[in-house]
Amino acid sequence: MATEESLMDKIHDHDSSSSSDSEHEKPESPSALKAKIYRLFGREKPVHKVLGGGLPADVFLWRDKKLSAAVLGVATAIWVLFELVEYHFLSLVCHILIFALAALFLLSNAHAFMNKTPPKIPEINVKEEHFLLIASALRNELNQAFVTLRSIALGRDLKKFLMVVVGLWVISVVGNWFNFLTLIYICFVVLHTVPMLYEKHEDKVDPVAEKTLKELKKHYMVFDEKVLSKLPVASLKAKLG
C-alpha cells in the first residue's frame with residue numbers, strides 16, 4: 001500500500017513539474033513566427049510598401065478596381081492606337097490639342113453670345129520643385145549605375161559582371177521579339193497583374209521561391225568551384241588594387 005502511495009506521489013510530482021515547465025515555455029508570438037518565414041527577395045515590408053505606397057501602389061494592387069481598370073484600359077487603348085492602328089504620337093497630340101482648343105473656343109464664344117460668364121479654365125503652372133526632385137532622383141540613379149559599371153569594367157566583381165552580361169543578353173533577345181512600345185506595354189501589364197497575384201498567394205509562392213533560390217545557389221557554388229575559382233581574377237585584383 002505504501003509503495004502504491006509513493007508511486008502515485010511520484011506521478012503527481014512529475015505531472016506538476018511538467019505542467020509548470022509547460023507554463024514557463026510560452027508559445028512564440030505570431031509576429032515571431034511570421035518573421036521566420038522566407039519572403040521573396042528578402043523583403044521585410046508588405047507588397048504595398050515595396051511598391052512605394054500611395055496611389056500608384058493602390059493602382060497596381062487593384063485596391064480601387066475601377067481606377068485600376070481605367071488605367072489599364074487607357075494603356076491598352078494607347079498601345080492599340082500606336083501599334084495596331086499605327087497612329088503617330090505627334091499626330092495624336094496635335095489632334096487632341098486641336099479638338100480641345102476648338103471646343104473651348106466655341107464654348108467661350110457661346111457663353112459670350114448668351115451673355116453668360118465664360119467657363120473657368122484653370123491656370124496650369126508647373127512647379128520648379130517637381131522637376132528638381134525628378135532630376136535629382138534620376139541623377140542619383142545614373143551615378144549609382146555608373147559606379148557599378150566602372151567597378152565591373154575594372155574587374156573587381158566577377159559576380160556582378162556575369163549578372164549584368166546575362167541581363168543585357170536577355171534584354172537584347174527580348175528586344176528582338178518586340179518593339180519598344182510593345183515591351184513597355186507588356187511591362188505595364190505585368191505590373192498590373194503580377195504584384196496583385198503575388199499578394200494574394202504570397203504564402204504559397206515564397207516557399208517555392210526559397211527552394212528555387214537554394215537550388216540556384218547550389219548550382220552557382222558548383223560553377224564557382226569548377227570555373228570561376230580557376231580564373232586569374234585574384235592576380236588581376238592585386239595589380240589593380
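Here the Cβ of each residue, glycine as well, is placed from N, Cα and C on the backbone.
Curation does not apply to TrEMBL; its annotations are automatic.
Note that this is a predicted model, so its numbers are computed, not measured.
Annotation source TrEMBL lists compositional bias 'Basic and acidic residues' at 7-28.
Taken from TrEMBL, the feature domain 'Reticulon' applies to 56-241.
According to TrEMBL, the feature region 'Disordered' maps to 1-31.
Summarising the annotation, TrEMBL assigns transmembrane segment to 67-82 (among others).
TrEMBL lists 88-107 (among others) with the feature transmembrane segment. Through the fold, the transmembrane segment (88-107) approaches residues 81-82, 119, 121 of its own chain, all at least 6 residues removed from its boundaries and within a Cβ separation under 8 Å.
Under the heading transmembrane segment, TrEMBL lists 161-191 (among others). Within its own chain, the transmembrane segment (161-191) is flanked in space by residues 60, 72, 75-76, 78-79, 82-83, 148-149, 152, 155, which lie at least six positions past its ends and keep a Cβ under 8 Å from the stretch.
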